[in-house]
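Trainee: Handing you this structure, nothing more for now.
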Amino acid sequence: MLEYPRELPIQPWNGPPPRASVRVPGSKSLTNRALIVAAMAEGPSTLTGALDSEDTRVMVEALRTLGVGVEHDAKSATIRIQGCNGRLPAREATLHVANSGTSLRFLTAMVATGVGTYHLDGTPRMRERPVADLLESLNGLGARATSDLGTGCPPVTVEARGLEGGFASIRGDVSSQYLSGLLMALPYARTPTTIEIQGLLVSKPYVAMTLAVMRDFGAKPSERKFRRFDVYPSRYQGRQYAVEPDASAASYFMALAAITGGTIVIEGLGTESIQGDVAFADILEHMGCTVAREPNRITVAGGPLRGVDVDMNAISDTVMTMAVVALFAEGFTRIRNVGHIRHKETDRIAAVASELRKLGATVDELPDGLVITPPEAGATGPAAIATYDDHRMAMSFALAGLKVPGVTILDPGCVAKTYPGFWEDLDALRSSSA
Ligand SMILES: O=C(O)C1=C[C@@H](OP(=O)(O)O)[C@@H](O)[C@H](O)C1
Ligand SMILES: C=C(OP(=O)(O)O)C(=O)O
């Protein structure tokens, strides 16, 4: 991995507004889904355009620990997986997933299809991120899964003897990753399974992505209004799979166009993308940007921005990007229905509120959102921005530094969770636009 300084002063964007094309690295969510499904599949798979970051490395390492053959060629963004055809080789394993929510939730469900004893653990923050509802559902399907410290969070132990199938209900309002993990594991249950969602389902587009990847590898799950899901016993088939660029990562460059008044073309993401976060461009359009959408490309051109009132439940990884764009809009912005982001890398509502205030904004922190009123005379520095070990705090607030002199990002290395080359890509954009 790359080396990072302890803090990074951000130089304001002094040159002409950028006119550039950007292709961000592969999607974390699609890489980690494809890895899980390919690992369980019959036959080999090759993932191209795969993300190489902390979250995908911990997933690759965990699969190797489970005895699945995985070769990762980071230079060519290719990962080769020898599928285990639904029979996990390891009977006993301890998996360390750092602070990767997808890895923890997806692997917990996957190991329940095995026969043996599996332990999963992560960073201190991972030990505060809930998983109890997933454990409960797995227990109803034939596993013995426990939160070792009785906290409802990792570390987790799964004593597995394969999943029986039948009926499961799962809570949808804390994290959609429980449902995604269950869905991907269930083709390997002994009998068909019906899953019903209790309460609201957050982050719906991620569940659609899960179904899409399962279908791409040959399973045939069905769904009714995203309230009920049916999965039948089957086998995934190994294949070549092209991972789309990461739409959440692309939000930083869309936002850069919005606040600098430049034009940025996002390559490899467009109307054909299966990632919900491409809809970040729709919000920018409401704020005053011009957006052109093609099947594999989105062009965002900045303009005078006005505040918006927006429900971001479905695309909550872009809340922090939006919060920083709001600093440079006319009038206030209200972000609604994202209470679940308090359970992510950090309490993201609280973190955004504290750091925006350092730049002069007035921020009302709501239980499930934020109201951001930009300072009348414009945002001002200097400000040392704390990042809370949250990659998205670092990448979002770097954008503020392009407009406000004196912004320093503390612990810029936290971007390695999903976008290790972010600072280099930002510098490259700057040099190509000078
Ligand atoms: O399934 C996924 O790939 C993800 C689902 C979302 O989490 P929640 O469902 O917990 O909101 C998202 O925030 C995360 O970055 C990735
Ligand atoms: C919430 C995130 O990740 P995860 O839940 O996979 O740790 C994220 O990448 O913003």
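The first residue you see is number 1, and the count goes up from there.
Glycine is no exception: its Cβ is also placed from the backbone N, Cα and C atoms.
Quick paste of what TrEMBL says about this protein:
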{"type": "REGION", "residues": "1-20", "note": "region 'Disordered'"}
{"type": "DOMAIN", "residues": "20-426", "note": "domain 'Enolpyruvate transferase'"}
{"type": "BINDING", "residues": "LYS28, GLY101, ARG129, GLN177, ARG348, ARG392, LYS417", "note": "phosphoenolpyruvate binding site"}
{"type": "BINDING", "residues": "LYS28, SER29, ARG33, SER175, SER176, GLN177, SER203, ASP317, LYS344", "note": "3-phosphoshikimate binding site"}
{"type": "ACT_SITE", "residues": "ASP317", "note": "active site, proton acceptor"}
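Explain the structural surroundings of these features, please.
Mentor: Packing against the region 'Disordered' (1-20) from elsewhere in the chain are residues 54, 256-257, 260-265, 302, 384, 398, 400-413, 415-416, 420-421, 423-424, 429-430, 432-434: each is 6 or more residues past its ends and has a CB under 8 Å from a CB in it.
There are 22 other Cβ atoms within 10 Å of the Cβ belonging to LYS417 (phosphoenolpyruvate binding site).
The local packing around ASP317 (active site, proton acceptor), expressed as other Cβ atoms within 10 Å of its Cβ over all shown chains, amounts to 26.
Under the three-state DSSP scheme, ASP317 (active site, proton acceptor) falls in the helix class.
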Trainee: Of all the Cα pairs drawn from LYS28, SER29, ARG33, SER175, SER176, GLN177, SER203, ASP317, LYS344, the residues the record ties to 3-phosphoshikimate, which distance is largest, in Å?
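Mentor: Comparing all Cα pairs, the maximum is 19 Å.
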Trainee: Consider the recorded positions SER176, SER203, ASP317, LYS344 and say which one has the Cα lying nearest the Cα of LYS28 (phosphoenolpyruvate binding site).
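Mentor: Closest by Cα distance to LYS28 (phosphoenolpyruvate binding site) among the recorded positions SER176, SER203, ASP317, LYS344: ASP317.
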Trainee: Using a 10 Å radius around its CB, how many other CB atoms surround SER176 (3-phosphoshikimate binding site)?
Mentor: 25
Trainee: For a Cβ distance below 6 Å to any atom of ligand 2, name the binding-site residues from ARG33, ARG129, SER176, LYS344 that qualify, or say none.
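Mentor: If the test is a Cβ under 6 Å from any atom of ligand 2, the answer is LYS344.
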Trainee: How does the model score the domain 'Enolpyruvate transferase' (20-426) in terms of mean pLDDT?
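Mentor: Computed over the domain 'Enolpyruvate transferase' (20-426), the mean pLDDT is 97 on the 0 to 100 scale.
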Trainee: Would you mind reading off the Cα separation of ARG348 (phosphoenolpyruvate binding site) from SER176 (3-phosphoshikimate binding site), to the nearest angstrom?
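Mentor: It is 17 Å, counting Cα to Cα.
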